[in-house]
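Working notes, beginning with the structure itself.
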Amino acid sequence: MEQEIYDIAVIGGGPVGMFTAFYASLRHVKTILVESLATLGGQVTALYPEKTILDVAGFSGIKGSAFIAELDKQLHLFPVDIKTETTVVNVEQTGELFTVTTDVGEPFQAKKVIITTGKGAFEPRKMQVEGVDELVGQGVHYFVTHKQDFANHHVAIAGGGDSAVDMATMLNQVTASTTIIHRRDNFRAMEQSVLALEQSTVIRETPKKITHIEKENNGQLKITLEQVKDSDSVSDILVDDLIINYGFISENKTIQGWAIQPEISGQVFKVDQAMQTSVPGIFAVGDASHYSGKSDLIAIGFGEAPHAVNAAIRQFDPLRGGPGHSSSMVLKDGTIS
Ligand SMILES: Cc1cc2nc3c(=O)[nH]c(=O)nc-3n(C[C@H](O)[C@H](O)[C@H](O)COP(=O)(O)OP(=O)(O)OC[C@H]3O[C@@H](n4cnc5c(N)ncnc54)[C@H](O)[C@@H]3O)c2cc1C
């Protein structure tokens, strides 16, 4: 059977992969988007569907899940083949084309490949307190998928980064009380997020560390806190839930076993100004790419996507010109062509 040939294959259906595939379809090239998980949205869907995202253009604050729903609507404006629950297990160069093999179905070919696989599989950084692992699911959590699960609960959040601070102010809207526990006095989060925390009723236990957690007979958790640099200063708090928010660790094994091996920096792909990796015709954008000064933000990935798509098109269709503005595709009757 003849293999299907795409102009552009986008590997990874996180927010940046979704926008990359949409932008490719906007340029009217035959595009496929492949995602390992059952649902699109990458880290936003898996890790923070309830968080309000403030730093993407055009939204004055949007819940993670609603943001992905908007990206999904945009992705469906023009034809894109979307394969979920499909992991790319090999990419190899076959003459002018790349052959992409997945764990399900037939391999397909693509003129150019854009890698948007993020930083690979990730897992939460674990709390190093004896016995805490046994309490996961019994009041101790590493993930929050529905904030209403914590309605009227007394909740403690351990951590002091962006995600912990945002989680504290978000959950505080529904909890009976929210306490944030951090081992430093200063929180390492966006300035406006810290301001919002300071102006909220969230109780701040700083600079303190958790030394012991115990389940009480009434189901509550007794958390023992020790003042940093003063081990004699110890106190207990009682809560219904403890959410551990120490960030995530990832191990990028995405291209293990792939025939093509683009140069890596850290755990991600080194790219040039056109977002091309060291293998001509293979591009990387979003969290999967690295260059000097790179930040892992959705807005940055959205800026990188058109660079990669346009550069890829220039390679296989140098006479096409463009890109134009998307408004140039609106027909006289107002519909989008
Ligand atoms: C708790 C938290 C809060 C954050 N808050 C913000 C925020 O407020 N604003 C902001 O801009 N950024 C935020 N970020 C960062 C933001 O989520 C990332 O920058 C963004 O998700 C990167 O998108 P991506 O599409 O490049 O990668 P990801 O979102 O990591 O998506 C990669 C996708 O590729 C898939 N994949 C991997 N390997 C394969 C394979 N071999 N085959 C097929 N599919 C594959 C994965 O399943 C995944 O769905 C936050 C991150 C975290 C963890």
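Glycine is treated like the rest: Cβ placed from N, Cα and C.
Annotated features, as they stand in TrEMBL:
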type	residues	note
BINDING	Glu35, Gln43, Tyr48, Val88, Phe122, Asp287, Ser327	FAD binding site
DOMAIN	6-299	domain 'FAD/NAD(P)-binding'
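Secondary structure at Tyr48 (FAD binding site), as computed by DSSP, is coil. Of all the binding-site residues listed (Tyr48, Phe122), Tyr48 sits in the most crowded Cβ setting, with the most other Cβ atoms within 10 Å. Sequence-distant contacts of Asp287 (FAD binding site), defined by Cβ-Cβ distance under 8 angstroms and a gap of at least six in the same chain, are Gly14, Val16, Gln43, Gly118, Lys119, Val268, Asp296, Gly301. The DSSP secondary structure for Gln43 (FAD binding site) is helix. Checked against ligand 1, the binding-site residues Tyr48, Val88, Phe122, Asp287 give Tyr48, Val88, Asp287 as the ones with a Cβ under 6 Å from it, listed in sequence order. In sequence order, Gly12, Gly13, Gly17, Ile82, Lys83, Thr84, Glu85, Thr86 make up the list of same-chain residues 6 or more apart from Glu35 (FAD binding site) whose Cβ falls under 8 Å from its Cβ. DSSP classifies Asp287 (FAD binding site) as helix under the three-state reduction. Cβ environment of Val88 (FAD binding site): Ile11, Val34, Ser36, Val100, Thr101, Thr102 lie under 8 Å away, each six or more residues apart in the same chain. Neighbour density for Gln43 (FAD binding site): within 10 A of its CB lie 20 other CB atoms from the protein chains shown.
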